[in-house]
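**Student:** For 316-521, the entry in TrEMBL reads domain 'Histidine kinase N-terminal 7TM region'. Annotated transmembrane segment per TrEMBL: 12-32, 311-330, 342-362, 374-394, 406-423, 448-468, 475-495, in sequence order.
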Amino acid sequence: MNKQIYPIILQFIFFFLIIIVSVIPFSNVYAIPNFQSEAPTIDITRKRMVYGEITPYTELICHKMSQQNTHFVCQEDTDWRSNIYQGLQQQQIYAVSDIEAFPAIKSQLSYYWYPQVLVTPIIALDLDQMNSQTYPITGWRDLEDSDYPIGINASSTELIQLLAAISYGLEGEEFTTDSAIQFLQKINLQENTDSTPIILCFDCDAVKLIQEGRHLKIIVPKEGTISYQLGLLSNILLTDELPDAHYLQMQLRLLDGTTTNPYYPASEAYKHTTKITDYHHFHQQMKRTGAKFRRLVRHIRLYSAADDKESILFAMIAIILTLAWLEYALYRAINPNFRRAILILGLMIIGWILVRMFKYQLIGLNAIGRYCWYSYYIFQLAHPLILLYVADMITQFEPKKQMSHWLYPFFILYPIFVLLVFTNDWHRLVFNFDIHGNWSDIYSYQPVYYLIYLYAVSAFFLAIYLLIKKSHTHANNYALVLVVACVSVIMLYSICYVKGIPFARDSDITITQCLFSLLLFEVILQTGLIPTNRHYQELFANAPLNMKIIDQDGQVFLKGLTATPLSASERQVLANEKTAGSIKKDKDNVIFLHKIHGGTMLWQENITQLHQLQASIDEAIQQLLATNHLLVKQKEIEQQKISQQITSDLFKHLEVQMEEKRQLLLSAIRTLEQATSPEEVSILTSHITLLLCHIKRRCNLFFIQEVDQQVTHQELLIYLNELHQFLDEKQCHCHIQAHLDGHLMVEDAILLYDFYFSVLTTILAEKPFTMLSQIHHQKERYHFSILMDKAICKELFSEEFLEALRLKNGQITLTSMDDLTKITCEFL
């Protein structure tokens, strides 16, 4: 991807987020849409339900209305406030207070509001647990000095009403929530209980406890309190279905304050109560009450979002931080593979936070919200996968071009698991829940979920292992320490979250996980495991380079230690040259130009030394060529001398070996000159012929030994047969049988040849004769046996032959058999 594309993508995401923030309200409690402008048509056959918190009022009217009309059924629904907008359009009925009804009427969400009774926040004293005479309590201020635990058991809406009543009593009509929060901080408050000696509750709840047997005393605070109206909110007329006032008066206080229930205080006790008239002021003051109560009274959510507004605010801060980090990280990263991984990580983090923020703005439990929940796994599973990819691509020197093959299964499983999550409504292999019930809170994990969890954990820990391994061998000594420290912090947070430690458990795990991902990648960037373009200023400030980087405005952005200010000739080069290249400024100076992202790199080099060096090189080349010519001549002469010397040594060695045979040949020739008888002439002639043949073949074998070291057995057999071919066949009967195969060494062939020659020349004077010869190679030894009809002795062999035979661990054996003689030569 082109490097210039990244800023455009980030700007588009930023403006998209601004649009989202402008259309999503910070709280869906008071974001009441404007529905139709006229009352809907009533379907009298439709079965309608009364929704609301379980209070004495809702129990009473549901019981009464169910008796009057079977179309009305009272139903407890913990999520009924989220569904109130759709329920009103479906002609359902809601039991609410005036602080919720009047905004709905004003926005035309509902057309009919039927207030019926009053409920007032009071103080209830349990006379069985305390003495009200010893500890007189008449108002809110008296509770600040009480050592008794004070209980409160109220829903979120009832809690807001109680806080407003306390604030009114302590501050008056222009009340805020600050005084009520400070009041709750001072008292010994216990939440979610009404079994304490002192109870903060509504008068109707206290009356119900009295009717159940509790010995309570109801105190209407003398400082003042607020009476809230309870009634029915609907889009249909309920005149005929409403319970009559006499029926309600028996259990509750009517709008005029009257009641026939004897457990309520007298009417004079309510003289300091008031009703809400300015609902806008009430909602403005109560808007942040939940967050203040959680932080200042309950001391929870100290470092995380305490209400919907803060949740969205923190999400937007996290997105802005992600965008800022993404821009900075992409600016620093050099390798395109790492840049793509960083961009995908940033987009995954932003997408995850946006989908989560959108899900919590949805009203009610619907398919859109469920698939938003499923879509979490697109982003959640991508985090360890991206980390694993980056850890694999990191090398000590140049990054790899592509990831390792063993990573492919992880990337193949990713879309498979995401698809399984998104199709969970059909197979229920990931989560199991009632699709028509409260699936957001009541669900169980199925086997595929644990496979997905194992996949994500395996990818994460494998990535951590690779990072630690490569940090250990990295040039930066602190890389290993920083990576291990960052991973330790992540693991510590995870353990604390699982253990339920408040600072971790109360945090937003989604945003925290995203920020930890950014932290880990930033550590990888800071340690240099991912190559970055940092420290360029220090490099240029200390490098003795005549180099400058010019921005798009023609100003020097960075320059080397020896760089001079931008000259007129360099400015002209910048103005005229559009592509990279070099321009010769003068004889000894060259300007180099290279276009880079956002500017131009320009440097100037003095090539005077290059010219001098080139001249020196040319001179050295000429000297080397002359020297080489002399060396070539010298080598040729030496080779000729060596060749001559080798030839001379070779012939001297041959002459030494053939000297004995040459002397024998000269002696035989001289004897032949003096011979007189034909028989003697024939013998000498045969002897001379054998000597000549032997000298010739020994010369052949000598040269073969110098070149090849081996001779075939066929050649040897030819040489042996050649010795007796020149003899008279009538008087010399010779036959050789060879059982040899392949090649044999020349020195072995020489021994066999000399042995046969020596025997043949010895019995040559004994004509006629018969000689049968056999050669074979057995157990790594040569055996040459000659059987003849003449007697022979072993002393016929020369000392040179016998010495060569001893070196081969050989021997000569002579055997007499009647008229026959067998002589055998054997050696290794």
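Cβ atoms are placed via backbone N, Cα and C, with glycine included.
Predicted automatically and left uncurated, TrEMBL annotations should be read as such.
Remember, it's a predicted structure, so these values are computed and weren't measured experimentally.
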**Student:** I need to check the long-range neighbours of the transmembrane segment (406-423): which residues 6 or more away from its ends have a CB within less than 8 Å of a CB in the stretch?
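**Tutor:** 371, 374-375, 377-378, 381-382, 385, 388-389, 392, 429-430, 448, 451-452, 455, 459.
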**Student:** Cβ under 8 Å, sequence separation of at least 6 from the ends of the transmembrane segment (374-394): give me the contacting residues as numbers and ranges.
**Tutor:** 335, 337-338, 341, 344-345, 348-349, 351-352, 355-356, 400, 403-404, 407, 410-411, 414, 417-418, 421-422, 424, 452, 455-457, 459-460, 462-464, 466-467, 470, 510, 513, 517, 520-521, 524, 529-530
**Student:** Mark yes when the transmembrane segment (342-362) and the transmembrane segment (448-468) have three or more Cβ pairs under 8 Å (sequence separation 6 or more) and no when they do not.
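**Tutor:** No, since the transmembrane segment (448-468) and the transmembrane segment (342-362) share fewer than 3 Cβ pairs closer than 8 Å, they do not count as touching.
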**Student:** Restricting attention to the domain 'Histidine kinase N-terminal 7TM region' (316-521), give the mean pLDDT.
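**Tutor:** Across the domain 'Histidine kinase N-terminal 7TM region' (316-521), the average pLDDT comes out at 86.
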